[in-house]
């Protein structure tokens, strides 16, 4: 799979080189087939020289060659003035390749893509039987740029479809890294790591990413306005998701509550959460789309080159396969890292793994907020956490049902309390429609407090 990914990048690079060579070769000098240039003065000299009769035959041959060159030049001039269908198709093909190369350059010409060197290192570390710490580190760093490529290809694919299909694509692949890692961990039976990863993804988006974005905007602007209605709709969905996690957890603390009943309740709640998310998509994209439109974002996106449907689909497929392979290696190394190096599983699941999956969104949100596009930053941070809470969490529960793993919504009381309190805090920050740097500092501080607490959570038997 790594070879396929590298081969695809190499083919694109070769195509770009071909386009560059083809575009630059039209302005050169044209020569005769024999390699010489025949001027009128040289012909007069040859005619007046004392040549023999045998030499006059050579002169006539050269004259006929010069006439052939002139006819070829006239034919080429005529083909440029009146292009045929074959020429126009060639021009369109070159333009198509040029746009594809430009779009790929926009995705890959990023400082974060330097970390792609860790993709082959991470995939080969397990086969070379390296230490679990090296396997974890290599794959940890490899997933960071892959998450950015996956997000960019998803956006390119969604730009060629309708709003509803684009929303479904974003829901499916927008948090594909978290979803793949969760399914791999569910398959391996690491239930607490999965629950911590899901909780950490929500907390990192609404506390760390949003907090840093608001703080970055506050460094340039004293107060910054944003669309409070759209943010309130997302936070309402967060409250619903928090309640759906809180209820099975509280039911598990009741006397006489069995694990089978908790599993059934969790699966029923997961189905309802999926319906709520589809209702939210319909609300956001169809009935009340005007509440979520950012005009400045639309203008900027329209000026950038975008991959075609075939290009984005190919890149999406290849990147998903590589992410799945790296995630499998990463999940398999968690047990060894926790045992041999004393790194708590709660800290790995709640803090480290979500940072990997949300690295690209972190950079996008903070950069956009610093440029004054706070609506875009809030949409990235809060919208991503809504996708995780209403879509990725129930998908993980249903995946556990398919694999026969007891994955439920019965989280720890500490996890449930952290989610409920964080959602309440973010709702208070976003309810007024304007923020300042102090709000961002409070959100980041809350995330740091939760990270410190997760380090000291004891391992359960």
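Cβ atoms here come from the backbone N, Cα and C positions, even for glycine.
These figures come from a predicted structure and were not determined experimentally.
TrEMBL lists 132-285 (among others) with the feature domain 'Sodium/calcium exchanger membrane region'.
Look at TrEMBL and you will find 313-455 (among others) tagged as domain 'Sodium/calcium exchanger membrane region'.
The signal peptide annotation in TrEMBL covers 1-16.
What TrEMBL lists as transmembrane segment is 103-121 (among others).
Distant neighbours of the transmembrane segment (133-152): 107-108, 110, 112-116, 118-119, 121-123, 125-126, 173-174, 176-177, 315-316, 319-320, 322-323, 326-327, 329-330, 332-334, 336-337, 340-341, 352, 356-361, 363; these residues of the same chain sit at least 6 beyond its ends, with a Cβ under 8 Å from one of its Cβ atoms. What TrEMBL lists as transmembrane segment is 133-152 (among others).
Under the heading transmembrane segment, TrEMBL lists 164-186 (among others).
According to TrEMBL, the transmembrane segment annotation covers 198-219 (among others). With a cut-off of 8 Å between Cβ atoms, the residues of this chain six or more beyond the transmembrane segment (198-219) that come close are 175, 178, 182, 238, 241, 349-351, 353-355, 357-358, 361-362, 365-366, 368-370, 372, 374, 377-378, 380-382, 384-385, 388-389, 392-393, 396, 411, 415, 418-419, 422-423, 425-426, 429, 435-444, 446-447, 450.
Below 8 angstroms of C-beta separation, residues 202, 206, 261-262, 265-266, 269, 272-273, 276-277, 280, 283-284, 288, 291-292, 378, 382-383, 385-386, 389-390, 393, 408-413, 416, 419-420, 423, 426-427, 430-431 of the same chain, each at least six residues beyond the ends of the transmembrane segment (231-252), sit close to that stretch. Taken from TrEMBL, the feature transmembrane segment applies to 231-252 (among others).
When Cβ-Cβ distances below 8 Å are used as the criterion, the transmembrane segment (264-286) is approached by residues 163-164, 166-168, 171, 233, 237, 240-241, 244, 247-248, 251, 292, 386-387, 389-391, 393-395, 397-398, 401, 407-410 of the same chain, each at least six residues removed from its ends. The transmembrane segment annotation in TrEMBL covers 264-286 (among others).
The transmembrane segment annotation in TrEMBL covers 376-401 (among others).
Among residues of the same chain six or more beyond the transmembrane segment (413-431), those with a C-beta under 8 A of the stretch's C-beta atoms are 195-196, 199, 202-203, 206-207, 210, 214, 226, 228, 231-232, 235, 238-239, 242, 245-246, 249, 253, 350, 378, 382, 439, 442-443, 446, 450, 453, 457. Marked as transmembrane segment by TrEMBL: 413-431 (among others).
Taken from TrEMBL, the feature transmembrane segment applies to 437-457 (among others).
Secondary structure of the domain 'Sodium/calcium exchanger membrane region' (313-455), assigned with DSSP and counted as helix (H, G, I), strand (E, B) and coil, comes to 121 helix, 2 strand, 20 coil.
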